[in-house]
Amino acid sequence: MLLATLLLLLLGGALAHPDRIIFPNHACEDPPAVLLEVQGTLQRPLVRDSRTSPANCTWLILGSKEQTVTIRFQKLHLACGSERLTLRSPLQPLISLCEAPPSPLQLPGGNVTITYSYAGARAPMGQGFLLSYSQDWLMCLQEEFQCLNHRCVSAVQRCDGVDACGDGSDEAGCSSDPFPGLTPRPVPSLPCNVTLEDFYGVFSSPGYTHLASVSHPQSCHWLLDPHDGRRLAVRFTALDLGFGDAVHVYDGPGPPESSRLLRSLTHFSNGKAVTVETLSGQAVVSYHTVAWSNGRGFNATYHVRGYCLPWDRPCGLGSGLGAGEGLGERCYSEAQRCDGSWDCADGTDEEDCPGCPPGHFPCGAAGTSGATACYLPADRCNYQTFCADGADERRCRHCQPGNFRCRDEKCVYETWVCDGQPDCADGSDEWDCSYVLPRKVITAAVIGSLVCGLLLVIALGCTCKLYAIRTQEYSIFAPLSRMEAEIVQQQAPPSYGQLIAQGAIPPVEDFPTENPNDNSVLGNLRSLLQILRQDMTPGGGPGARRRQRGRLMRRLVRRLRRWGLLPRTNTPARASEARSQVTPSAAPLEALDGGTGPAREGGAVGGQDGEQAPPLPIKAPLPSASTSPAPTTVPEAPGPLPSLPLEPSLLSGVVQALRGRLLPSLGPPGPTRSPPGPHTAVLALEDEDDVLLVPLAEPGVWVAEAEDEPLLT
């Protein structure tokens, strides 16, 4: 998603660049586009693809001959070498523009043709143009005569015998003798169509010194050729052109051609001082007037660059040739001295003015409010206004370091050039820019690239981790290396019992040593029972001294007794009571225990034999609920019983207890039972031993034994 957004931003910046244009077919192809509206706007078509192909777009504004088309330029910035905008009307000569005129253009005659041309071949392009037009009826001045066709002619053309209106309305109703005061005076012969070869000179149009009206159009040409290869500077010190009059300046000798045109002046330039600089050492000045023109013409001077007129003062050394110096103004007149405007590039004409200390420049001419304010050279043309009227930021031939000079002779910050936002008043800081993305797009692209790089690193890390895990799974079936084999195939450390048996550590009292040849559970139980037999008191009397067991062993024995795996220890009284309850059927128990008569003789009743465990009591069958209670009878004392071991083997008791706990369902199946007999009594005893594990000892004995040592759980 982020990459798609960046691509859209880049594409939007490319489409918004002014060097990409496309010309609409209705204006840039034959026939030209016809505009029938009374008013409207026109602008240079926007560029889309490239600047390789030339273009020629034409618009035709239709109107009647009685109407005047007024054209106002909101913007006009064209590259004079490769772009041109021309305007033509029936009553107006061709006007060629690449910069905006100072005032609106009024083109009489109705139909006006506007043509925009571009050379192509990737030639430089300006910012384009934007103009508005309107068709109005021409309102004549007080000293003019309005014809029936709404044209305005001079009042002196009224009844002069010449049809100036075109419809004869200016001659209608006139007597045969014209008014003597309106008869034109003869014009004296003045120098015209001459060549001026001096290094400097002065020339003027015919009739400039005195106002004279000519009844026919007039054209004059001056060739300026001082025979020097340096450039010429032609300065028009006074302009008073009539409506329809024009002055054209061409570079080089020869007949006037539009390709060599340097500047065109009309009545819109009246009252201004205009300087034209040639590209070569020669120039041609052409002057054209219309019939009965009320303009006086012009007055001009010329000189070779590097020289000044005798009545002018030279500028300082800092005003030599170079970029940004203007139109060859290396000289200034006395009227330009201390007027608050820099006519020299280094400000020589504004140095040492009254009211300012040395090294300072005044903000205005003498006698004005700005004459008392002075500024240093470092405060000039730095895009920071010092003077109240901004005189320190006007007519900048050079800008302070870090600033850019606009074509309107003002300065802006250099970092603002070609940033996509016009900062100069004429927008020249965005002209002739190579394709540069705005800072916002560049910032977004950098941040996006960093994020993408981070995501790529994370993806690579995850891939490597997954690959390592997959490789580790496959390595299970691979042969182990020597180091891995040593780690995996290590022998387990010996147990505590093995260490005691091997003599590595001293034996602990009552801790069963492990026999390497006997690893069965039965062997371990026999070892445990052996310890229990050794724990019995040899005499069996109450005063016999018990052998002290280890703490671990005592804890183990207590747990086995609690679980019912070992019988409780009985007192002598309980042992004698058990002997009195033994039946003759207990004789086969001696055979089950595996003991012999002589071997049993060594034991004593009541626990005298240390190796004999106390006998297990016989469980009496519970009375059935369905049977009626029988009268209580005292059983007769049985006869003498054969000798019976009172204390069955501890091993058999433990084994039977394990059998009863683990295999409780084992028993002799059969639906019927035979009457009890001597043999069945023995089997019943064994079965009862299987069912009844170990009777619980009396609470007093258990408590007394528990108080012997607390149980740690």
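Heads up, the Cβ atoms here are built off N, Cα and C, so glycines get one too.
Annotation comment: Swiss-Prot describes 1-16 as signal peptide. Residues annotated as topological domain 'Extracellular' in Swiss-Prot, with sequence analysis given as evidence: 17-440. Look at Swiss-Prot and you will find 192-305 tagged as domain 'CUB 2', backed by sequence analysis. Swiss-Prot lists 398-434 with the feature domain 'LDL-receptor class A 4', giving sequence analysis as the kind of evidence. The compositional bias 'Low complexity' annotation in Swiss-Prot covers 621-636.
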Per DSSP, what is the helix/strand/coil residue tally across the domain 'LDL-receptor class A 4' (398-434)? 6 helix, 6 strand, 25 coil
Sequence-distant contacts of the domain 'LDL-receptor class A 4' (398-434), meaning Cβ under 8 Å and at least 6 residues beyond its ends, amount to 18, 75, 77, 79, 124-127, 324, 326, 345, 378, 380-383
In the domain 'LDL-receptor class A 4' (398-434), averaged pLDDT is 85
Tally of residues which DSSP labels helix, strand or coil - the domain 'CUB 2' (192-305): 6 helix, 54 strand, 54 coil
